[in-house]
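Asks: My questions all concern the structure below.
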Amino acid sequence: MACTGKHNLTLLKEFILMGITGLPELQTPLFGLLLTVYVISVVNNLGLIILTKIDSRLQTPMYFFLRHLAFTDLGYSTAVGPKMLVNFAVDQHTISFNGCATQLTFFSIFIINEIFILSAMACDRYVAICNPLLYTAVMSQRLCQVLVVMAYLYSVSLSLLTIMKIFLSSFSDYNVIRHFYCDSLPLIALLCSGTDEIRLIILIFSAFNLVSSLLTVLVSYILISVAIFRMNSAEGRHKAFSTCGSHLAVIALFYGTLFFMYVQPKSTHSFDTDNMASLFYTLVIPMLNPMIYSLRNKEVKNALRRTWRKCANIDIPQRYCGFGSSPPQ
């Protein structure tokens, strides 16, 4: 890398992304596979957002958080997916300086937000199982809104701080990013100076985000487990476990992938392995999350059937399907 004293970041107009694989024979099948995954993810998450918004029986705190989880999944997969697919289609792996900053900003916002939405959902499950009689009073609409707004404000503030520190620094003449999208650590490797400070900021906040959210989840589920095992009814225990099953599956997928990527020793890292792990949590997890909640949740499946029956009724115009509105007389 060439870093001169007169080097200015405005000289750098674009970055080159190394992509997912350097094997030409894999380009077409990978494009088809990832396009399918992304389309399914968009359809599933948009469907879940709409369904939890329009169905009157899904107006509970759990589905309020689930709607924001789907929005977050849709957000960070869209921050990465379309540009990656375009690069595949035109066989061009460049991204503009401003485009890179924009991609990293939105990806960071949504990925940080996902961590705290999952934590809020764990707290919601704790109150629902351990204090069912007080559930409606404790998990009020106002509290749910405050928790979500705080998560968004924190993720936006932290993301902007990190992105400004990176993109207001001076880059070297070497502009090749060892990734298929603009991520913070590959970008820091291209900076001329000041990398120690930025790395420390990222390390401190990443550790805080992961530890605080994971502790919230662990404490919530420890208390949930204690409450469940104290239940006398086997049916009650099964019902309590089933209400947490989907959330636990999503937690395991998300945190498991993050730990695989960032906790394993650097000596075991490889370009292909890191790319596959990144693909999993940027595209595959957002596709799987709504499936997990839909397939394991009778309320969601029943809401989908009700909406489908409304839309299948030829006497009701399609624009009124599922919105609780009656057609004009």
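Numbering starts at 1 and runs along the chain as it is shown here.
Any Cβ shown, glycine's included, is placed from N, Cα and C.
Caution: TrEMBL annotation is automatic and unverified by curators.
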Asks: In TrEMBL, which of 6-24, 63-81 is labelled transmembrane segment?
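Replies: Spelled out, TrEMBL records transmembrane segment over residues 63-81, not the other listed ranges.
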Asks: So what pLDDT does the domain 'G-protein coupled receptors family 1 profile' (44-293) average out to?
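Replies: That stretch averages a pLDDT of 88.
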Asks: For the transmembrane segment (275-295), name the stretch out of 30-51, 101-122, 200-229 with the most CB-CB pairs under 8 Å.
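Replies: Most contacts with the transmembrane segment (275-295): 30-51.
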Asks: Taking 3+ C-beta pairs under 8 angstroms (sequence gap of 6 or more) as contact, is the transmembrane segment (241-263) in contact with the transmembrane segment (30-51)?
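Replies: No, the transmembrane segment (241-263) and the transmembrane segment (30-51) are not in contact.
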Asks: Can you work out which residues elsewhere in the same chain, 6+ from the ends of the transmembrane segment (101-122), have a Cβ less than 8 Å from its Cβ atoms?
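Replies: Distant Cβ neighbours of the transmembrane segment (101-122) are 62, 65-66, 68-69, 72-73, 75-76, 79-80, 83, 95, 144, 147-148, 150-152, 154-156, 158-160, 162-163, 166-167, 181-184, 187, 209-210, 212-213, 216-217, 220-221, 247, 250-251, 254, 282.
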